[in-house]
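> In case it helps, Swiss-Prot gives these features for our protein:
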BINDING   GLY170, ASP171, ARG172, GLN173, THR174, GLY175, LYS176, THR177  ATP binding site
SITE      SER363  site 'Required for activity'
Amino acid sequence: MINIRPDEISSIIREQIEKYDQDVKVDNIGTVLQVGDGIARVYGLDQVMSGELLEFEDKTIGIALNLENDNVGVVLMGTGRQILEGSTVKATGRIAQIPVGDEFLGRVVSPLGVAIDGKGEIVTSDSRLLEAMAPGIISRKSVCEPLQTGITSIDAMIPIGRGQRELIIGDRQTGKTSIAVDTIINQQTEDVICVYVGVGQKASTIAQVVNVLEEKNAMSYTIVVASSANDPATLQYIAPYAGAALAEYFMYKGKATLIVYDDLTKQAVAYRQMSLLLRRPPGREAYPGDVFYLHSRLLERAAKLSDKLGGGSMTALPIIETQASDVSAYIPTNVISITDGQIFLSNDLFNSGIRPAINVGISVSRVGSAAQTKAMKKVAGKLKLELAQFAELEAFSQFASDLDEATQKQLARGTRLREVLKQPQNSPLSVAQQVALIYTGINGYLDDLPVSNVKSYCASLMTYLTTSKKPYTEIVRTTNQFTEEAESSLKEAILESKEAFSKTN
């Protein structure tokens, strides 16, 4: 008979108990009740958070938006064609995030951070929440540095500062995207990281923007986030937040960033579609009640950070499309009230050949003037008033037959100033060039030239300033001030180039 030793058995059992490691994994799992139109109703997800990512059986990802008594309303980030009624859904425990990093520069990505430009996968270790909190009051600093757009009429009359939110608003086909793209191109020498977000655009339009940026060597400091018109509404809704997260990554590293949302009208339409399908009560123009918050929480993320946080900035240029120039519609008035000013583009001006077609009368920048360079402030101080008076006089002069000499002079100068401010697409100007053009126009040096010759003379003046080695350009470029020396140098250049121009024309 075997001699059993109880103490040995008990020590073996004790050892086994100590070694026993039960790895319990608890998954929050639900069942699909109904699916269709990019929306799924899920039963059984009791522990789910608002905004949490959910994974379906076919690996489609969804976001939990509606938390109701007996089910959860989920918006799908895909077609959802493989999702069946009764299939299981797993809560991931994660809120929507996007990978971020320097590796994204020069790339075209989807709102989920996946490369769609055929240049290979983007590998990065950092990520940021799509819906990050905007910087608080203490974290901010007032706007104090200029963001040069390279467009004379904007930099002179509607100046934009780093950390500002300036709305670009106008009807379709009035040059809204062109202004934004020109601003990105102009950042080549400014050390500004740019993010272009295309929301609900045609794929061909986004490709065109990318081609222009590549031609102008601007893609090296630009990220394009693209959600085209055939993407699900969910992707169009999150695209601006994805762009903001990418820009924030650079902003918190102390860099200056510029983000363009093209355009927020389409994001609002996508959000309306999702909300109506989720059976949320509709409000004005069938938009849900929180459509203001949709845009305010996005645009509040643009800021000029305090020196303690690195002094980075994020300048936002949201674009809104109006119908028949109606700026009093719901979405335009919402975004106008959130932003720090607006650039209004007029259909009539565009069709009459004035491009960029900026309506100076109702365009305004509420904080940018504090950031305007001293050189520009000194020269362009009277420009906006002069053009506003000219527009008024021009309207009255259509009814009056005989005008006094002073009025005729003012009309003649206004016409020439308007010519000076016309600018071809994708050809931004430096501050020194802009100051020279405005100085020439506002001080009457163009009054004796025929209107048809103004553009060609301005081009010859720019060439003369570049080739004649006048100290003017260097003074303005290095000091950002229009000193007496710079002024006398510019006067000489104007008179000399005018003399040469009159001989050839």
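Positions of Cβ are set from backbone N, Cα and C atoms, glycine also.
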> In the same chain, which residues outside the set GLY170, ASP171, ARG172, GLN173, THR174, GLY175, LYS176, THR177 have their CB within 8 A of the centroid of the CB atoms that define the ATP site?
GLU321, LEU345, PHE350
> For THR177 (ATP binding site), just count the other CB atoms lying within 10 A of its CB, please.
21
> Which residues, sitting 6 or more apart from ASP171 (ATP binding site) on the same chain, put a CB under 8 Å from its CB?
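Correct list: GLU321, THR322, GLN323, ALA324, SER325, LEU345, ASN347.
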> Rounded to the nearest Å, what's the C-alpha distance separating SER363 (site 'Required for activity') and THR174 (ATP binding site)? Just drop the number here, would you?
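Answer for this pair: 15 Å between alpha carbons.
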> Determine the minimum-neighbour residue: among GLY170, GLY175, listed as binding-site residues, which Cβ has the fewest other Cβ atoms within 10 angstroms?
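Comparing Cβ neighbours within 10 Å for the binding-site residues GLY170, GLY175, GLY175 has the fewest.
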